[in-house]
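Peer 1: Below is a structure I'd like to ask you about.
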Amino acid sequence: MEPVTVLVVDDHPLMRRGLATLLALEDWVARVVEAGSVREGAATGAAEAVDVAVVDLGLPDGSGIDLVTRLRRTPGCPVLVLTMTRDDSSVRACLEAGATGYVLKDSPPDTVVRAARTVLDGGLVLGPEVASAALGPPRPAALPAPLDRLSPADLRLLRLIAQGRTNGQLARELGVAEKTVRNRVAILLGVLGVADRVQAALLARDRGLLR
């Protein structure tokens, strides 16, 4: 994989600079760009070829959830939320806005770095403190889910996606090529009528597949 550009959005300069410095040490990171507000983050995301973004929720000019929505309009830019906010409504709102990761700021530094890499690779990351808020208990289903049309192999794939597996992990676990995984995931999302892996994970939770 070619080294990538990471966007870090946080209104606290020390936190932002520290995380940027930490990420810059990784061999998969080519450069790190920074922003301190929703407005700056959206502008930087639009101007730079950003491959993955790490976003705080408590920004001075608005909610980081709004920024997640705006960044997700940029093709190929997954978003990891890094925050001190752990309430259920914020976790769910971020995932529904399109974030593919949610980790608390008091997590170990290597956990944050791994989380950024995992969402970059197409995986879903939820810190242990917030996973129950996102994936259980089930809520009433809001989307039609034609699960009866899925084969046992497709149901297994859906469960693995909901558990946060990346394409590489799925390929190794299923014993197929990564290109095959990408094709199967795309077909599965189409059958389910959802836009991305996060919606697929929420749907699996709502239908009781993660019990």
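Here the Cβ of each residue, glycine as well, is placed from N, Cα and C on the backbone.
Just so you know, TrEMBL annotations never went through curation; they're auto-generated.
Quick paste of what TrEMBL says about this protein:
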DOMAIN    5-120  domain 'Response regulatory'
DOMAIN    143-208  domain 'HTH luxR-type'
MOD_RES   ASP56  4-aspartylphosphate
Peer 1: Any idea what DSSP makes of ASP56 (4-aspartylphosphate), helix, strand or coil?
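Peer 2: Assignment for ASP56 (4-aspartylphosphate) reads coil.
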Peer 1: Using Cβ atoms only, which residues of the same chain lie under 8 Å from the residue listed as '4-aspartylphosphate' while being at least 6 residues apart in sequence?
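Peer 2: In sequence order, the residues whose Cβ lies under 8 Å from that of the residue listed as '4-aspartylphosphate' (at least 6 apart) are VAL9, ASP10, ASP11, HIS12, MET15, GLY64, VAL81, LEU82, THR83, LYS105.
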Peer 1: I'm checking region-level scores; what's the whole-number mean pLDDT for the domain 'HTH luxR-type' (143-208)?
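Peer 2: Across the domain 'HTH luxR-type' (143-208), the average pLDDT comes out at 81.
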Peer 1: Which residue counts does DSSP give the domain 'HTH luxR-type' (143-208) for helix, strand and coil?
Peer 2: 47 helix, 0 strand, 19 coil
